[in-house]
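Look at Swiss-Prot and you will find 1-55 tagged as region 'Disordered'. Under the heading compositional bias 'Gly residues', Swiss-Prot lists 22-32. The annotation compositional bias 'Basic and acidic residues' is assigned in Swiss-Prot to 33-48. Look at Swiss-Prot and you will find Asn70, Asn71 tagged as mRNA binding site, backed by sequence analysis. Taken from Swiss-Prot, the feature S-adenosyl-L-methionine binding site covers Lys74, Ala92, Asp114, Asp149, Cys150, Gln171, Phe172, Ala173, and the record attributes it to sequence analysis. Among the features that Swiss-Prot reports, site 'mRNA cap binding' is placed at Lys95, Lys101, Arg126, His175, Glu263, Tyr332.
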Amino acid sequence: MNKRPRDEPSSSFASAPKRQYGAGGGGYGGHGYSEERSSARRVADHYSARSNQTLEERENSPIIHLKKLNNWIKSVLIQLYAHPGDCVLDLACGKGGDLIKWDKAKVGYYVGVDIAEGSIKDCMTRYNGDTDQQRRKKFSFPARLICADCYEARLDEHLYEDAPFDICSCQFALHYSWSTEARARQALANVSALLRPGGVFIGTMPDANVIIKRLRETDGMEFGNGVYWISFGEEYAEKKFPASRPFGIKYKFHLEDAVDCPEWVVPFHLFKLLAEEYDLELVLTKNFHEFVHEYLQKPEFAELMRRLGALGDGRQDQSTLSQDEWEVAYLYLAFVLRKRGQPPSQRRANNANRGKMFLTENDIDFLGV
């Protein structure tokens, strides 16, 4: 695996105004409110429709080593920034794929939010230990699950008794909020309102610098390899993206055995500026290639990589990440933000009172979905 140099911010994304990026905080490129609701629903339906895979099916995936690499990156982020007893807010939690990671971090309370009803029910099943791919051991923390569009709903109105949270996570999903300025702002407003001062926001999302660079390097409007492709519409034929209109830059993304739906470009330096308006300061941002090369130098994370098997286990399993999968990894970055302010001297003790150790469908809160 060769480490690629970090792409510099694209000049066409430079010098954006800090505050308002257009009238009324709405969308761009013709994306109106009803269309954005429709796009959010399409994304939700796509992920809900994906069935839970058995371990055998998962191991036979054409991108199994990429999935293991992604899990390693998320595990490293959680190990670096979560602490025993932490209260966790997991935005776009999906089917609960990170529950075991949080359990290993010995967190004290977990709230998962996802727009897809099918996914949140699968998350409940996984939490209860009822799937054939999960251990039978119970999780050590109480949990609460909410079915809601976390880029539209005011989550603080529903979670004020659960807050504040010590850590918030949004994995491979925050870019879906950048369809409009209003949704992007609501996403960050939710994080800021629910995190305690000094709390951290960890996440992963597409690296806009890499995606735009790839687009400009290709002759047409589509690029990819044997396991993925990205396609931009003809409205971007000039391959220019004015900094004054950073929202609603849509592309189609297909990844074998994983994703097949519209996504949105997130110019990261503008994301950083927007986050600062919500008292969220950047702590870390690294492209996945840079992240892997840096944290593989630490023995505990190298051992974790061996156990997960993204690069083989160093013993019988000699299979490893393909070049195509490694190229997909280059499309993503990891980030960490911290909420301004001094953390409280004493941890609030009653966050977890609303959680349960066993969940039924009646326990799932549905907020306007």
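Each residue's number is its place along the chain shown, starting with 1.
Note: Cβ is positioned from N, Cα and C throughout, glycine not excepted.
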Quiz item: Three states by DSSP: which one describes Ala173 (S-adenosyl-L-methionine binding site)?
Solution: coil
Quiz prompt | Coarse DSSP state, helix versus strand versus coil, of Asp149 (S-adenosyl-L-methionine binding site) | solution = coil
Quiz item: So which recorded positions are near Ala173 (S-adenosyl-L-methionine binding site), with CA atoms within 10 Å, out of Asn71, Lys95, Lys101, Glu263, Tyr332?
Solution: Glu263
Quiz prompt | Between Ala92 (S-adenosyl-L-methionine binding site) and Glu263 (site 'mRNA cap binding'), the C-alpha gap once rounded to whole angstrom | solution = 14
Self-check item: Fewest other Cβ within 10 angstroms of its own Cβ, chosen from the recorded positions Asp149, Glu263
Solution: Glu263
Quiz item: Rounded to the nearest angstrom, how far is the Cα of His175 (site 'mRNA cap binding') from the Cα of Lys74 (S-adenosyl-L-methionine binding site)?
Solution: 17
Quiz item: Lys95, His175: which of these recorded sites has the sparsest Cβ neighbourhood within 10 Å?
Solution: His175
Quiz prompt | Between Lys101 (site 'mRNA cap binding') and Asp114 (S-adenosyl-L-methionine binding site): CA-CA distance (Å) | solution = 18
Quiz item: So how many other Cβ atoms are close to Lys74 (S-adenosyl-L-methionine binding site), meaning within 10 Å of its Cβ?
Solution: 20
Quiz item: Per the record, S-adenosyl-L-methionine is bound by Lys74, Ala92, Asp114, Asp149, Cys150, Gln171, Phe172, Ala173: how many Å separate the farthest pair of Cα atoms?
Solution: 22
Quiz item: Non-local Cβ contacts of Phe172 (S-adenosyl-L-methionine binding site) (under 8 Å, 6 or more apart, same chain)?
Solution: Asn70, Ala92, Thr204, Met205, Tyr332
Quiz prompt | Cβ-Cβ distance under 8 Å to Cys150 (S-adenosyl-L-methionine binding site), same chain, at least six residues away | solution = Leu91, Ala92, Val113, Asp114, Ile115, Ala187, Asn190
Quiz item: Based on Cα coordinates, which of the following binding-site residues are within 10 Å of Lys101 (site 'mRNA cap binding'): Asn71, Asp149, Gln171?
Solution: Asn71
Quiz item: Which one of these binding-site residues has the most other Cβ atoms within 10 Å of its own Cβ: Ala92, Ala173?
Solution: Ala92
Quiz item: In sequence order, which residues at least six apart in the same chain have a CB under 8 Å from the CB of Gln171 (S-adenosyl-L-methionine binding site)?
Solution: Lys74, Ala92, Asp98, Gly203, Thr204
